[in-house]
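**Q** So TrEMBL lists these for the protein:
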type: REGION; residues: 1-363; note: region 'A'
type: DOMAIN; residues: 26-183; note: domain 'Histidine kinase/HSP90-like ATPase'
type: BINDING; residues: Glu33, Asn37, Asp79, Met84, 98-100, 123-128, Thr173, Arg363; note: ATP binding site
type: REGION; residues: 219-261; note: region 'Disordered'
type: COMPBIAS; residues: 226-237; note: compositional bias 'Basic and acidic residues'
type: REGION; residues: 364-579; note: region 'B'
type: REGION; residues: 580-657; note: region 'C'
Amino acid sequence: MPTETFEFQVEARQLLQMMIHSIYSNKDVFLRELISNASDALDKLRIEALRDDSLGADVSDLHIAIEADKDARTLTVRDNGIGMSREEVVQLIGTIAKSGTAEFLAKLREAGDAATAGDLIGQFGVGFYSAFMVADEVTLLTRRAGESQGTRWSSGGEGTYTLDTVEDAPQGTAVTLRLKPADAEDQLFDYTSPWKIREIVKRYSDFITWPIRMATAEPGAAGQEAAEKGEDAKDGAAGEDGPAAAPEPKQETLNSQKALWARPRSEVSAEEYHELYKHLSHDWADPLETIHVHAEGTFEYQALLYVPSHAPRDLFGQGAKHGVQLYVKRVLIMEECEALVPEYLRFVKGVVDAQDLSLNVSREILQQDRQIRLMRRRLSKKTLSTLKDLRTGRPEDYATFWREFGRVLKEGLLSDPDNRDAILDVATFASTHDAEQPTTLAQYVERMKEGQRDIYYLTGESRASVENSPHLEAFRDKGFEVLILTDPVDELWVEAVPDYQGKQLRSVAKGEADLATEEEGEEAKAEREQRDKDYAGLLAWMGERLKEEVREVRLSSRLTVSPACVVSDVGDVTPALREMYRAMGQEVPAGKRILELNPGHALIEGLRAAHEQRPDDPGLGELAELIHGLALLAEGGRPGDPARFTKLVASRLKSSL
Ligand SMILES: Nc1ncnc2c1ncn2[C@@H]1O[C@H](COP(=O)(O)OP(=O)(O)OP(=O)(O)O)[C@@H](O)[C@H]1O
């Protein structure tokens, strides 16, 4: 097949342009990215070979090789891993399938200055394309294990790339960079220098489990290298000096291959932890928190878990990645093992290495495995307790965590009743107590007023809509704090969590608001009874008039300013919840709700008087409808028949002129 030329997908081209114009200042990381991809490819090959005997791939010496050619100014990163088919090359290298790429690029353009853009791209990570930070041409030669033909992909990073079919390509992938001239001012170093390569590998890829080898000409090259390195060479390169002789190529393994998770915590630096995280997660930013567990006893395992500092774009998407890597005695057997982490902790990245599992255990078996379940329990608890410590110890980082992942964690209130209290201890909520600072439930309980028995909350679309809700009026007047819950998941978990520290969670928009009863004196009681009598006629009439839409019309003790509001009964499905079910394709019949009237409001008092005098006036029936419509509008809903409602309002406005 002749060479064919293809265009990059638009997003891919834009990202590449950014790489070429180097908005990311630390260019050394391109090598980390290429090694990380090579290591993944080796993992994949071994896992596939384990499952499929017929693959026919040679897995006897899996490794990564780095080859530098000083004269040609090229650098090659080679692996004998899984490789890619031609279709995969087109799909994986020519396009960017990541969700949210377009928005990300728009944000980058908005950012304007290079530093912010660098930060942003650090959050996004661009893997293979980062090669274009240091190269003006990149060639990738690859052959997928089990296939006979290879593919060569090549591009200068502008608008197009070429593809060739190659007959005798070795299995795996070799990425060759034609390096840009070194320019130390632009942090563009000489990446053919063995010293520089060693430094980068040590720094970013030391823990990679596969050997990373480099051919160096010894000892002549070492002398030359020392010269390049300057003064420092004297400290580190002891033993490399020797009589100048004809250079003999020698294979040197650059990484220690030590599994970080198997080392004692005290021996691992924060930077080492972070580099492993970046390799595992493909994130360019440091994690927020690292959790290192050594479990001993009858069932031995090590776990190294990370809480990222920002949410991936697809955290709520259908194909959201979930799970950690599962190793058995240092051998990776599964890349995303869901059985080890509950779904509500799907943002956690990391590695679990168990001593006593079978190497070819399947996903289905894992779900049932008792040891896996025990690990999952322990790791969930450990993660939650770490997050709780984060909240108390590093409030700013906790705030970042909660902003990024709070909504996901709250799903656990529904799915993991065993850890419900632990999740509630981590959680914080917006509240009427403070416009900025969220509160924990424990803090809420501490502030509860004398005579307040329950924890009050109100769900809604936004803080503003909740704060303006009529349901809140009497609670505000009495100084009772109300939690403001605005995440969709809040509608769900409040139904599942009955109490906290023995205090019931109660919606201020549900049931009777019995705020007054506790401190109410005899006089007030008599007054209330008289009022009930006075209003009995109006309530019965209105209940009949609106019976298609409401279950009951009653006097309210929660309103102080608004004329009316609509409430649900405890246990009823709220309109917002019904909307959510509908979005999930589940119709829940709309139950009737309760209309509450404020007897202290002039409109309601006036209506009562008018109804007493002219019970048959048809205008009063319309007024009843209007009051119901207003109550629905006030909580962010809408009248059942908006056209009729508008007509009634318009005619009344007209008569006011
Ligand atoms: N050496 C390789 N061997 C086999 N496949 C590879 C190799 N390098 C890249 N790929 C394939 O190309 C895909 C895209 O690589 P790229 O580095 O751009 O993104 P990524 O590693 O998936 O994610 P990120 O950009 O976040 O690092 C990889 O997911 C992998 O499937």
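Cβ from N, Cα, C; glycine included.
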**Q** Going by DSSP assignments with H, G and I as helix and E and B as strand, what are the residue counts for the region 'C' (580-657)?
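**A** The region 'C' (580-657) comes out at 47 helix, 5 strand, 26 coil.
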**Q** Where does Val126 (ATP binding site) sit in the DSSP three-state scheme?
**A** coil
**Q** Neighbour count first, Cβ atoms within 10 Å, every protein chain included; then name which of Glu33, Arg363 tops the list of binding-site residues.
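**A** Most Cβ neighbours within 10 Å: Glu33.
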**Q** Determine the most Cβ-crowded residue among the binding-site residues Asp79, Val126, Phe128, using a 10 Å radius around each Cβ and all protein chains in the structure.
**A** Asp79
**Q** In which DSSP state, out of helix, strand and coil, do we find Asp79 (ATP binding site)?
**A** strand
